[in-house]
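Here is the structure we will look at.
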Amino acid sequence: MEQSVVHNALFEDPDFPADSRSLFSDLHSSTPVSKFSDDIIWMRPQEVSQQPRLFSENLQENHVKQGILGDCWFLCACAALQCNDHLLKQVIPSGQATWGEKEYNGCFLFRFWQFGRWVEVVVDDRLPCINAKLCFSRCQCQDVFWIALLEKAYAKLNGTYERLWAGQVCEALVDLCGGVAKRWKLKASEKEECETDASGSNLEKFNLSDIVDNCMMSCCVHSSHRGSLGEYHAFVVMEHVSLRKMCGDNLVLLRIRNPWGRRCWNGPWKVDGDGWEQLDPEIALPLRSRVEEGEFWVDEIEFGKEFDEVTVAYPFSTEGHMKSLWTDLRKTLGLAYQFRGEKLQGTDVITSPNIMLLDFMYGSEVKLPDIQYPANVKNDAEWETISFDGQWLKGNSAGGSRNFSTHFANPIVPFKVNSGTGKTTLKIVLQQHCQTGKCHAIGFHIYQVASNTDLNKCLKDQEPIKSCTPHRYTEEISIMCVLSPGNYVIIPSTYEPDCVGFFTVSIATRIDSLKDDDSGDHDQNEEANTQKECEKEKSEDAKNQNGKRKTVVPGAGEHPLQYNYTFWYSRRTPGRPTSSQSYEQNIKQIGTFASVEQFWRFYSHMVRPGDLTGHSDFHLFKEGIKPMWEDDANKNGGKWIIRLRKGLASRCWENLILAMLGEQFMVGEEICGAVVSVRFQVCIS
């Protein structure tokens, strides 16, 4: 960040100035906010209020209200953030100097979760106003400014305020919580209603009774049947209660908050609605008294009829541990994470899956493009996906299309179709990151190349074997193709040279068969090395292990784990004589971690199991426990073995260890660790 500008000793952020550059991404903006551009002035809280505060001791005064900016999705996540004091302090660190304090300098710090880590965003406190009042988000009490400043920091993170116009609640929940959010569709088409998952059972339906209390929950409408809830609007679910009517029937009520800050519901459970007559007055009166400005009650049947989606964030304990979302722990074991390497059944394009789970590394939905599939793709196909990120740089790697001599300066993405698998079906997707709101015309070509060849020479002398052209002005393009074994490269490009931008190339490979192999037990190891090497290994282990005492602690502001864990790696040659001594020599410690952030620092740089060759293992064990049966913690125990295709190993391994670390099932003292063992080869690119 450039050196700050000082005016009357108050910080002025040069990276997010108090002018239209911070409001709009485009000078010719078409969002409704643009018509107010001439009326907006920037004022500090002490210029708007005589007693500005960051928070109020009266919780009702801290409640958020939406202004003229269409960011209800973000405000719903902010309102939900208030439910957890630990997370609120993580996002808005305490101890910051505010108005009236000697140390106050007009500067505020916020944190957001971005791609596996917390990032800090610093802003000044100059806020957009119209007629000396905040024109974007504000609190119920006009003297409270936490939401207006947090919104400004999020706008800076995204580039401008305008980029907060329309979005997904689940994305904001992940950015604010550093956790996981799950989204359900409450309404399904006739086709979806009869759709089944891979096991033949019905797709999961949202059920309030399955969700633990005190979760951050939001709901949204695409279009209101009664016209009173608006269109494409998000709400916060403040609570849900189970009751019994006077007639004996069960009833579930949900208290909903509208970020607009006004009541908009005329159903039977409005303040003076006739629905309350069904309850004992002693029960009804406290519920009605809880309703604050902008809130209303609906019953579960109305909720399902009027709202189209519901999003729930996984809860956190007061210590910051992510907990299970479910009241029934057995349900946790059936969660379907949607990572980049997800499993797709059949050839249907899933544009709105009924189960949408966001992971806290990427913080974004898995988006599948509209693809024309070749006729020979089987309906029972399964897919493994890998992704590559790249950048077009002006004068360097932005070479443009094949119409220009600089085409081969574009980034090159190599991949391989392994021999012995025959022709392989692949789905290749190019996605550009349209951060400025404008997309370039993009396309790509696929070339087959010989191994150990000079790419610059051979590519210029041959034609591509597959192309995704003509270039199109779209966020992503894709093709489906069948390729023979060999080495290939993908060259993604914009149509014109020197068009700057980031992109992602995803290659999905169809996996057809599961080969038989050995069980993957620990007792098939390489022959023993020399006694000297063994003594050296034991000496190093003694230094690193140091019993079962925790030697690693979470860093400042990091999310601690319930247990410390250690990553291990081993590789061996099958068929050789074995001994516990040789196995102990063969396992190598990668590192120990004590927090979510430390885990991602290791895991982000580790090879995925699906990319391992030979007989290789990754181990994740509690700190102080070695991944071998001779360890005291393991020698009286057992194990579960699940055999699966190698192409699915990366996804399943990631799901398992995230479930362990996120405490989605009770690890306790009985579970010591987990192992993924590679024992066979299946073609993956």
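Any Cβ shown, glycine's included, is placed from N, Cα and C.
All TrEMBL annotations are machine predictions without curation.
In TrEMBL this protein carries:
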type	residues	note
ACT_SITE	C72	active site
ACT_SITE	H233	active site
ACT_SITE	N258	active site
COMPBIAS	514-543	compositional bias 'Basic and acidic residues'
DOMAIN	10-316	domain 'Calpain catalytic'
REGION	514-557	region 'Disordered'
Does DSSP give H233 (active site) helix, strand or coil? strand
Can you tell me how many other Cβ atoms are located within 10 Å of the Cβ belonging to H233 (active site)? 21
Run through the Cβ atoms and count how many others sit within 10 Å of the one on N258 (active site). 23
Suppose you look only at the domain 'Calpain catalytic' (10-316); what would the mean pLDDT be? 82
H233 (active site) and C72 (active site), compared by Cα position, are separated in whole Å by 7
For C72 (active site), the number of other Cβ atoms found within 10 Å of its own Cβ: 27
Would you mind reading off the Cα separation of C72 (active site) from N258 (active site), to the nearest angstrom? 9
Secondary structure of C72 (active site) (DSSP, helix/strand/coil): helix
